[in-house]
């Protein structure tokens, strides 16, 4: 398995603010990697350094084997970038725009197929100005993938989406991942990371505070479970590695129904909130 | 958190929410990485420049309000000035309106300054530049597209001004080939120089919103001091000296030589059209403008740092 992105000791400072304070990352080719973190945590700065939009202060960065500080046309043609916000090409139609951008790449996909893939076939003749926010975002994705990229960056792609649009968008991204595109995604939404990502990194205060699969992040899978019940007029609880056994013992003790029994493990959100509060 | 199941509820059957990942294999050793495609032949930069020019021009003509005002502005000025000052010019056999046609053509050739200054500030603000910089489009192709788009729009403006000049104000089109050669080089150097200047000043406004105020003001001032609205011979010499630094005065002078001919040369301050100096100053602006652009051009908006 080859490495798509390799980062060692990355730092970036804006004036007095240390935006990125020494980040290491390895993103494997073909995986969906999510970078989570609150606003101002340094995730956009990190991603923009990987995309070649910003220069770094120190550290080593290799993206598809190239240093993004020395971008080449050939390297750019292997990347796809979906930016956070854009209101450009408003007067061109969807089809004109996708076709025009296809001309930039040596190995572009078929524009009509890409328009179909992002679900805009019936809007292909419409001017981009006339599209809804979600449809506009689909155009952004179409322009991100038209060059048949090996690596696709998605910066907070579903911000402002309604739940249905978000679910459709996930299907779209899932389909791309299935075809082997490496995807680097930044997001605020934990459910989005959980649904899409093979691995996630949580960034806070310019550092990676946790990294792993969503289901095991921050020791989530192995964390003690909390078993809680009602007994002798008060709420009791027990943190345990073996909640099933505890429940079984309680069942015997109460000879049947355990009053107000709950068993909980930390949700991704619990883990995340703990992680991002720690360094502050 | 906060989603504790009700104690009395039955254990639900094991159910996994279908994820968008679908049937994607979960293991790490999957074979879903295809062989990297061959990226041998990059599209030609010239072709991409033409392609940029085509889409820019198409988008320009779709913004109907901008189109109407861009083209009607010099026409309205010509009709107003040409109608107000209908007299003759001190024994040259020329009319004041002919003088205005020539000068307004100079002004039309400089609209690239204003259009590009505002337009690129907009591209910087609305994400066009950022998006393009993330693609393999060579930066030069973007500028070629802007330059061709500007040449085309300026050319249309000039054609319209000439048509009105001929039909309404008795302008005579020159018959000698030499004067048309002069027209061609003054036009091309003038449009290029002022476009490069426009690209350079597009980095000045803080945002697209302030761009039209920031960029229109110097353009209007330049038109007043360069002999577009007021004959250059009536301006105080210190104003003429300032105007002489910028290309517009020389463009107007060049166009007067084309459309007024030898009879009008006596109206010039130097009693001659000084075409060698016109070429020199406009050429210097093309080179200087290019250097200025390379030194000052910002791909990012201020918001992007």
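Placement of Cβ uses the backbone N, Cα and C atoms for every residue, glycine included.
When TrEMBL is compared with the stretches B:99-122, B:243-266, the one noted as transmembrane segment is B:99-122.
Which of B:33-52, B:213-232 counts as transmembrane segment depends on TrEMBL, and there it is B:213-232. At the 8 Å Cβ threshold, with sequence separation of at least 6, the transmembrane segment (B:213-232) lacks contact with the transmembrane segment (B:143-171), having fewer than 3 such pairs.
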